[in-house]
Amino acid sequence: MQLGVNVDHVATLRNLRSTAYPDVVRIASKAVECGADFITVHLREDRRHIRDGDVFALKKHLAVPLNLEMAATREMLEIAKKVAPRYVCLVPEKREEITTESGVDAKGMFEILAPVVSDLRQSGIGVTLFIEPEKEQVDYAKKLCADKVELHVGAYCLSKSQGELERIANAAAYSHEQGMECHAGHGIDYGTAATIATIRHVSALNVGHFLICESLLHGVGSAVRNMKKIILEQRHNA
C-alpha cells in the first residue's frame with residue numbers, strides 16, 4: 001500500500017507571513033526520504049496555499065511522482081500540461097470553502113470533465129477523479145476514461161460509522177471490478193488510516209493536514225514514518 005503526502009499546509013504556514021520558509025520542496029523531500037511514495041499538492045484557483053512556482057519546483061526536484069490536484073478549468077489544464085506531473089487529480093472547488101467539501105460529480109459534470117480528461121491523457125498525464133464512494137460515480141469515472149479514482153472518505157473520518165466504512169469498501173471493490181485503481185483521501189489520521197488500510201482494493205492513502213500537524217510535535221520524518229508503518233502493518237494483517 002502506498003502513502004501520498006499532501007504538503008499544501010506547509011505553503012499555508014509560509015504564506016501567513018509571506019516568507020520563503022518553510023520550504024515546500026524541502027519538506028516534501030523529507031517526507032519522501034521517510035516513506036512517502038508520492039507527493040500531492042492542490043493548486044487552487046485562488047492560490048491560497050500552493051503557488052505555481054511550488055508545483056514546477058516540486059516536479060523538478062522530487063524523486064517520486066507528483067500528484068497535482070486541480071479544478072477542471074482551462075487555466076489549470078494549461079498549467080498541468082506545462083508541469084507534466086505523473087498524475088492530475090480532478091477535484092471540485094468553491095472559493096468560499098475551507099477545504100474540499102465533496103467529491104467531483106462525474107455524472108453531473110461529465111461534459112465539462114470529458115475534454116479535460118481527454119486533453120490530459122493525450123499529453124501523457126494520468127488522470128484520477130476525486131469522487132464520492134458511490135458506484136454511479138465510479139461508472140462515470142470509467143466512462144470518462146479516468147485511470148484511477150480517489151474516494152472522498154471525509155464522512156467516514158468524521159463519523160467513524162460502519163455504514164460509511166462499508167460504502168468505501170464497496171466502492172473500492174467495484175472500482176477494482178471496473179479495472180480502475182482506487183485511492184482514498186480527506187480527513188485521514190492515524191486511526192482512520194489503520195481502518196481504511198484494511199480495505200483490500202484501496203491501494204493508496206493521501207494524507208495532508210493531519211501529518212503536517214503531527215510534524216509540528218514530532219517532526220516530518222517521525223510523522224510520515226509512523227503513518228507508513230501503520231498502513232503497511234494493517235494491510236499485512238488484513
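Going from the start of the chain as shown, residues are counted 1 onward.
Here the Cβ of each residue, glycine as well, is placed from N, Cα and C on the backbone.
According to Swiss-Prot:
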{"type": "ACT_SITE", "residues": "H42", "note": "active site, proton acceptor"}
{"type": "ACT_SITE", "residues": "E69", "note": "active site, proton acceptor"}
{"type": "ACT_SITE", "residues": "H186", "note": "active site, proton donor"}
{"type": "BINDING", "residues": "N6, R17, G187, G208, H209", "note": "3-amino-2-oxopropyl phosphate binding site"}
{"type": "BINDING", "residues": "D8, H9, R44, H49, T99", "note": "1-deoxy-D-xylulose 5-phosphate binding site"}
{"type": "SITE", "residues": "E150", "note": "site 'Transition state stabilizer'"}
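Of the listed recorded positions, namely D8, E69, E150, the sparsest CB environment within 10 A is found at D8. Of the binding-site residues G187, G208, G208 has the largest number of other Cβ atoms within 10 Å of its own Cβ. Distance between Cα atoms for R44 (1-deoxy-D-xylulose 5-phosphate binding site) and E69 (active site, proton acceptor): 8 Å, as a whole number. For the binding site of 3-amino-2-oxopropyl phosphate, formed by N6, R17, G187, G208, H209 according to the record, the largest Cα to Cα distance is 26 Å, rounded to a whole number. In terms of Cα distance, the recorded positions that sit within 10 Å of D8 (1-deoxy-D-xylulose 5-phosphate binding site) are G208, chosen from R17, E150, H186, G187, G208. Taking the Cα atom of each, H42 (active site, proton acceptor) and H209 (3-amino-2-oxopropyl phosphate binding site) are about 12 angstrom apart.
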